[in-house]
């Protein structure tokens with residue numbers, strides 16, 4: 001298993017995909033933070049010295065979790081696209097360990113990936129608060145919890161991405177599905193009152209519960225942190241189990 005994980009890490013780290021997605025995540029978070037700063041200067045916007053503004057920008061680092069999901073998706077679909085999956089399965093004829101190795105590798109890659117994005121986002125968030133006349137009350141704003149929860153969300157999305165990639169296999173279809181899910185399908189559940197309770201139990205709602213400390217993003221009530229962790233672990237486990245089963249039953253051409 002260790003050899004398989006090392007092999008998967010080598011596949012990821014020797015390509016340009018991971019750092020391109022890292023730059024994309026940083027750009028997306030920077031755009032989100034820039035819009036928050038811009039909105040603070042508009043009439044009715046959150047003042048940059050307010051607690052509400054601080055709570056908002058501290059969580060900006062988690063807005064790039066989509067890109068961690070894309071890493072997980074591409075770890076699987078790129079092998080089918082380039083036909084290297086045949087060599088992978090010849091190296092390890094038992095297919096479930098290959099999926100597990102990809103999951104472990106996705107978690108190991110997304111951990112520093114998320115830490116970099118969240119760390120740089122936090123530095124920028126702190127600077128925007130200070131330059132706006134606010135104070136860095138890290139304890140009262142529960143910043144440590146926000147940072148840890150945000151990085152945890154990156155890991156969860158990367159693992160789920162592996163499951164999505166193994167289930168769909170076609171790279172374009174899997175990437176489009178991931179983007180639509182994060183940007184369209186889940187957000188719809190936050191604006192339809194009748195569906196908001198269900199939205200709490202989806203990956204986005206559970207991830208939000210890891211780092212939200214008071215500003216509720218469209219949900220009347222978020223899940224407790226421990227429940228959110230179990231929900232995300234459950235999603236990852238189901239995705240991996242389904243991926244392993246379908247991989248066993250599919251022929252590789």
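Backbone N, Cα and C atoms are what each Cβ position is placed from, and that goes for glycine too.
Record features, source TrEMBL:
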TRANSMEM  20-40  transmembrane segment
TRANSMEM  52-77  transmembrane segment
TRANSMEM  98-126  transmembrane segment
TRANSMEM  146-168  transmembrane segment
TRANSMEM  175-195  transmembrane segment
TRANSMEM  225-248  transmembrane segment
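In terms of C-beta pairs under 8 Å, the stretch of 20-40, 146-168, 225-248 lying closest in packing to the transmembrane segment (98-126) is 146-168. Residues of the same chain lying 6 or more positions beyond the ends of the transmembrane segment (225-248) and with a Cβ under 8 Å from any Cβ of it are 76, 95-96, 98-100, 103, 149, 152-153, 156, 159-160, 162-167, 201, 203, 205-207, 209-210. Beyond its flanks by at least six residues, the transmembrane segment (146-168) meets 58-59, 61-62, 64-66, 68-77, 99, 102-103, 106-107, 109-111, 113-115, 117-119, 122, 174, 177-178, 203, 206-207, 210-211, 213, 225, 229, 232-233, 235-236, 238-240, 242-244, 246-247 of its own chain at Cβ-Cβ distances under 8 Å.
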